[in-house]
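So that you can see what the record holds, here are the features copied from Swiss-Prot:
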type	residues	note
ACT_SITE	Lys34	active site, proton acceptor
MOD_RES	Lys34	N6-(pyridoxal phosphate)lysine
BINDING	Arg129, Met302	substrate binding site
ACT_SITE	Tyr254	active site, proton acceptor
Amino acid sequence: MKTATAVINRRALRHNLQRIRQLAPDSQVVAIVKANAYGHGMIEAAHTFCDADCYGVARLSEALALRAAGITKPIVLLEGFFSADDLPLLVEHQLETAVHSPEQLAALEQATLSQPLRVWMKLDTGMHRLGVLPEHADAFWQRLTACRNVVQPVNIMSHFSRADEPEAGTTERQLTCFDAFTQGKPGAQSIAASGGILLWPQSHRDRVRPGIILYGVSPLDNEDAAHFGFQPAMTFTSHLIAVREHHTGEAVGYGGTWTSPRNTRLGVVAVGYGDGYPRCAPAGTPVLINGREVPLSGRVSMDMITVDLGPDAQDKVGDEVILWGPTLPVERIAAHTGASAYELITRLTQRTALEYVDGE
């Protein structure tokens with residue numbers, strides 16, 4: 001019997017990439033495959049996104065793994081390089097890099113490289129995490145344009161902090177700041193990630209950088225991805241390993257936090273926080289068994305959860321349990337837990353098997 005398994009639908013991944021192209025028809029697509037492709041398996045996802053124009057990762061190790069797997073299209077290091085010692089590897093593997101700090105700029109100026117690198121100057125328009133502040137941006141850009149180790153023209157990127165909020169004045173101010181700096185400068189521009197693609201079409205520019213939306217999960221709190229025409233690619237499943245008679249007033253699980261208000265049947269599911277199911281999921285969080293939703297009962301354990309099947313349930317050991325997927329969106333589970341959907345799909349552990357299908 002299978003236990004925790006994440007089934008990844010390649011057809012859904014391809015559909016989502018094409019949906020991005022429909023929403024941003026004049027932009028190239030940087031498929032973001034960092035963090036193991038948001039839990040979907042980086043190598044498999046990258047090959048499935050073979051029609052993307054480029055890939056985006058957060059770590060040099062991710063980029064090198066893609067190259068080792070035969071990915072030849074451009075790859076952008078979204079956080080840049082972390083040490084001057086990394087620069088020869090970037091040249092060897094033809095990687096593009098963000099440049100956001102004085103230390104990175106100095107390393108580029110001082111390096112002896114066999115050929116120049118394509119770079120993306122990261123402008124801090126309001127995220128205040130990485131990036132060159134606007135008051136320092138012109139001087140920084142001038143040094144990059146004069147650097148012998150940089151392919152010209154210099155590309156420019158930034159990142160929205162609140163693009164998932166339709167009325168956020170912050171996004172408009174960030175876009176105004178970006179426009180003021182990029183006006184008249186050559187090179188590609190990129191500022192829109194998933195939220196910007198969905199809600200701010202004026203931000204699409206030369207390249208868009210879809211992340212979570214590529215996997216059929218919404219970046220918005222109040223709408224799931226299906227509302228925008230995307231298909232969830234992951235179905236997280238396990239199976240019932242026990243069905244037990246449970247009596248009124250009996251508690252279940254660690255701490256006895258849930259007590260049955262009636263005689264019922266409890267199902268024990270072979271999944272827990274050791275597989276990546278959220279430990280913070282409260283009683284009442286739904287799972288799907290035999291086409292109906294049933295509520296979580298008691299605390300999530302490392303290896304198991306218990307669910308209230310109901311007094312007349314006919315479910316049996318071996319029946320499949322859907323924890324999230326197209327028929328039970330992960331956004332709903334996130335709402336129950338107080339965690340974000342980003343967390344849920346990226347926290348699956350090595351014990352959860354990844355399987356790939358090309359079906360509906």
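Keep in mind that glycine also has a Cβ here, set from the backbone N, Cα and C atoms.
For the recorded positions Lys34, Arg129, the greatest number of Cβ atoms within 10 Å around a candidate Cβ is found at Lys34. Sequence-distant neighbours of Met302 (substrate binding site) (same chain, 6+ apart, CB under 8 A from its CB) are Gly272, Tyr273, Gly274.
Residue pair Arg129 (substrate binding site) / Tyr254 (active site, proton acceptor) shows a Cα separation of 40 Å. Proximity of Tyr254 (active site, proton acceptor) to non-local residues of its own chain (separation of 6 or more, Cβ distance below 8 Å) is seen for Gly298, Arg299, Ser301, given in sequence order.
When secondary structure is read from DSSP and collapsed to three states, Met302 (substrate binding site) falls in the coil class.
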